[in-house]
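Participant: The structure is given below, and queries will be raised subsequently.
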Amino acid sequence: MVWSWWLVAAVVAAGVCLRALVGLGGHSGFGNPPMHGDFEAQRHWMEITYHTPVKEWYFNTTNNDLQYWGLDYPPLTAYHSWVCGWLAHNVLNPTWVALHASRGAESGEVRLFMRSMALLADVLVFLPAAVAYAKVAFVQRQSEQKRRSAGLAVATATAAGDAMGVLAALVFNPCFVLIDHGHFQFNAISLGLALWAVVCVRTGRHLLGSALFVLSICYKQMSLYYAPVFFFNLLGSSFQAQGRQGWLTWFFSSCCRVALIGFVVVASFAICFLPFIFDWTQFSQVLHRMFPLARGLFEDKVANAWCIADVVLKFRRNFDNTTLARCSLVATVTAFLPSCVHTCFRPTQRNFSLALVNCSLSFFLFSFQVHEKSILLAALPIALVAHRFPAVATAFMATATITLFPLLHKDGQSLQFVSCLGVALSIHALAFFHRLSAIKIAAVLVSVVVGAGLCVVYVVVPPPARLPDLWSLAIAAYGFVHFALALLYFTAAQLFGHEDGGGGGGGDDGSVGAQVTKKQKKKGGKHAKIKAQ
């Protein structure tokens with residue numbers, strides 16, 4: 001197999017078609033007044049941002065009732081909403097975003113417009129990022145295989161197969177497809193920007209990567225799940241030895257690199273928050289809306305540690321939100337710190353990817369104010385390493401999708417759920433299962449069958465009257481066990497260097513920061529020049 005742009009185009013086109021087909025189904029809050037759901041929230045933000053001045057976007061006013069889907073995402077989401085609102089009002093149909101009068105609008109035309117905007121976000125941001133990542137992975141995987149004495153043809157075939165598999169895992173991931181195009185959100189933009197940032201870091205474009213990651217955070221604050229990894233990895237990469245020079249010169253140049261990255265980060269945040277940073281009242285209100293402590297430890301039945309433990313320990317009843325926020329902070333930092341410190345001292349591409357997995361999972365399992373859709377943030381980096389960990393990545397993809405089933409079933413997306421999960425499992429099997437043992441394949445199948453069984457029970461067996469959330473909680477517990485084991489597994493994989501699918505061993509393949517040749521070691525001593533990958 002070789003890299004083929006025709007095959008890439010076919011994969012992307014099929015992904016677009018799948019998203020369009022999913023969009024034919026129901027969405028969050030359809031026909032369910034007065035609050036409706038996330039679909040109405042996104043439409044309402046278009047209405048508010050277009051018709052009200054910027055200074056009112058995050059404040060409760062006559063025209064902006066914060067109790068009715070008040071804007072609670074960063075400014076880049078607001079700017080995007082304004083653009084969509086402008087398009088609807090000036091080009092298409094102003095009644096779709098008419099102030100007050102459009103509340104709850106969900107006609108066929110409105111739904112087509114909203115679905116088209118979500119599809120456009122994928123086409124412009126996420127899907128190109130997925131292709132770019134696959135291309136970078138192909139080039140670096142090919143180089144890795146060559147270093148292992150594989151012939152050019154073998155190296156190219158292996159690299160192309162892995163890269164296409166990862167591309168398909170990203171494009172057809174049911175979590176991304178069903179939440180954005182079924183339930184309805186715009187996660188493709190924040191996840192796409194984060195993925196572009198990963199591509200830049202992997203190719204040594206640290207300044208551009210830093211700016212793109214800031215944009216991801218400024219679109220959805222949940223991208224902060226990745227922030228510790230970017231910080232520690234870029235810090236470690238900046239302090240990698242660079243050529244034959246004295247330690248003082250090396251230290252000064254490293255500090256300059258860190259300062260330059262810091263400047264880019266601060267400048268990027270300042271530009272995104274520009275309308276708000278000169279008025280403390282405005283700025284503090286934006287932050288208050290972005291991080292609402294009053295919402296509590298978790299929402300609904302989410303597959304994380306606090307929700308499951310709350311069944312017995314009743315955290316929300318026995319502790320105030322401030323105490324719970326502090327406890328969740330300690331637990332989250334404790335969980336992700338080993339991976340982040342490790343990638344700081346060994347900032348390789350493999351460690352960077354695995355640290356993204358471990359950090360996002362740590363936030364999902366232990367952080368404050370988590371909802372079920374946050375699992376998308378862990379699903380992204382796990383898809384990036386699917387070729388190295390096919391069994392665990394496949395089981396995780398299926399589990400993450402299954403934990404979303406109660407939400408999707410309520411949205412009328414059950415058929416789409418089954419179809420998308422079936423497509424994704426088939427793709428994983430075709431792309432990766434040839435390198436797995438029968439035992440590992442059986443383990444994945446058992447995991448999927450158990451999850452599917454819980455979904456069937458959720459639909460056909462009424463829960464006991466005194467335990468109305470029993471099946472939702474059972475699905476959450478199923479997910480928590482898988483996610484907790486995944487965190488332990490990937491942390492061990494990063495620290496000790498093993499893989500589950502013969503993906504090429506556990507070394508520091510494709511390093512971000514360091515691969516020192518023997519010749520360079522002789523010339524440069526302990527500050528030998530790092531060979532860029």
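Even glycines carry a Cβ here, placed using N, Cα and C.
The transmembrane segment annotation in TrEMBL covers 117-138, 150-172, 184-201, 208-227, 247-280, 351-368, 389-408, 414-434, 441-461, 473-492. Positions annotated as region 'Disordered' by TrEMBL: 506-533. The compositional bias 'Basic residues' annotation in TrEMBL covers 518-533.
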Participant: Between the stretches 184-201, 208-227, 247-280, 414-434, 441-461, which wins on the count of C-beta pairs under 8 angstroms to the transmembrane segment (389-408)?
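Facilitator: The stretch with the most contacts is 414-434.
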Participant: Which listed range (117-138, 208-227, 351-368, 473-492) shows the maximal number of Cβ pairs under 8 Å with respect to the transmembrane segment (441-461)?
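Facilitator: Against the transmembrane segment (441-461), the leading stretch is 473-492.
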Participant: At a threshold of under 8 Å on Cβ distances, which of 117-138, 351-368, 473-492 pairs most often with the transmembrane segment (208-227)?
Facilitator: 351-368
Participant: Give residue numbers and ranges for long-range contacts of the transmembrane segment (473-492): same chain, 6 or more residues beyond its ends, CB-CB under 8 A.
Facilitator: 301-305, 307-308, 311, 335, 338-339, 354, 357-358, 361-362, 364-365, 372, 375, 378, 382, 389, 392, 395-396, 399-400, 402-403, 405-406, 447, 450-451, 454-455, 457-458, 498
